[in-house]
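One structure below.
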Amino acid sequence: MAATEVNTYPTEEMRSLSLSGHVGFDSLPDQLVSKSVSQGFSFNILCVGETGIGKSTLMNTLFNTTFENEEASHFHNGVHLRPRTYSLQESNVDLQLTIVDTVGFGDQVNKEESYKPIVDYIDAQFENFLEEELKIKRSLYNYHDSRIHICLYFIAPTGHSLKSLDLVTMKKLDSKVNIIPIIAKADTVSKSELQKFKIKIMSELVSNGVQIYQFPTDDEAVAEINSSMNAHLPFAVIGSSEEVKIGNKMVRARQYPWGVVQVENESHCDFVKLREMLIRVNMLDLREQTHARHYELYRRCKLEEMGFKDTDADSEPFSLQETYVAKRREFIVELQMKEEQMRQMFVNKVKETEAELKEKERELHERFEMLKRTHQEEKRSLEEMRRDFEEEMNTFNRRKVAAETLQSLQGSTGLKKDKEKKT
């Protein structure tokens, strides 16, 4: 279907002009900052990892607070996602933080479909946002954006290679969410083994085509630090809710008989690198990548399923009006077909019901005739029994009369004999 022709005008070369005085639009950045601060920000983290691998502890350590935490058992029948939303404030900036935990992940004997509930949850958040966008009266200003901005994938510190479950899950998620792989409980592996493990993980991710989040290097302000941090992936982290006294200050650390592992000591683990990259440097980029890349991919696929597209078969631009008319025509045809199917189904159902009623009527009629014949036979039988009984009664009465007559005759004869004897 060809698009309606639209008049186009030649674009003149843009000219640069100098201002003769102050106008005021240099305050736009300040206005934007003020508006953003007043609205607040949202950030949604998905934590994927086995039960007991340290997801909750790391979240507490990252945001320097204690979140609600329910102990999860290892005996769940399947994987279910548990979102928790918190309101945080630092200086005058409000952050609505949502942490989504994958309860029961990796606990089943059959782990083949453990990734499905995670994929379904991410898609459901995209679908909710798309439905809000497509409303006639949208309220995106007040809409709570629950789309996942980052997936922290916790890798067990085996020191050998990635599990097949990890590879399959990350492969299913990499087109839907920004993934940062992290090695949990890194203090259980020696430094040399940890470095070999990092190289092995990255090699397996590349060979299996898993796309993880790369810190952006197109912004000169953060290009250098992001480029250097990309070389440190995956981050080997340690979480702790305990504070240990080192020298004259208290630090977050884990106390062992052989020594102390400091969470924020970069020679001990990559926790500081993760916090800097995730929160201080790239939080905005993670939000933008979620909207511009992952959500747009989901939105495009959904709209194409609904019949919307940018060009037709001849690569001509498609107008929204033409798409609407075409979809409306398809809908009307489909509706008519469904109405005809429903009408035919109704007619067939009526015919079936009529046939069933006629069959029931025939069965009832046959039963009635049978009962009628049975009744007539019983009536004839009773009539015969009545006649036989009446005949027996008549015979009995006749015999009774005869017996009484005979008895009376015998009685009168006896009286005569008695009189004759007396005389």
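Any Cβ shown, glycine's included, is placed from N, Cα and C.
As the structure is a computational prediction, the values presented were derived from the model and not from experiment.
The region 'G4 motif' annotation in Swiss-Prot falls on one of the ranges 72-75, 120-123, 184-187, namely 184-187. Feature annotation (Swiss-Prot): of 9-12, 101-104, 405-408, 413-416, the stretch labelled region 'G3 motif' is 101-104. Taking Cβ pairs closer than 8 Å, the region 'G4 motif' (184-187) reaches residues 49, 53-55, 58, 154-157, 194, 236-238, 254, 256, 261, 268-270 in its own chain, all 6 or more past its ends. Neighbour counts of Cβ atoms within 10 Å were compared for the binding-site residues Gly52, Gly239, and the top value is held by Gly239. Shown for the region 'G1 motif' (49-56): DSSP residue counts in helix, strand and coil, namely 2 helix, 0 strand, 6 coil. Sequence-distant contacts of Lys191 (GTP binding site), defined by Cβ-Cβ distance under 8 angstroms and a gap of at least six in the same chain, do not exist.
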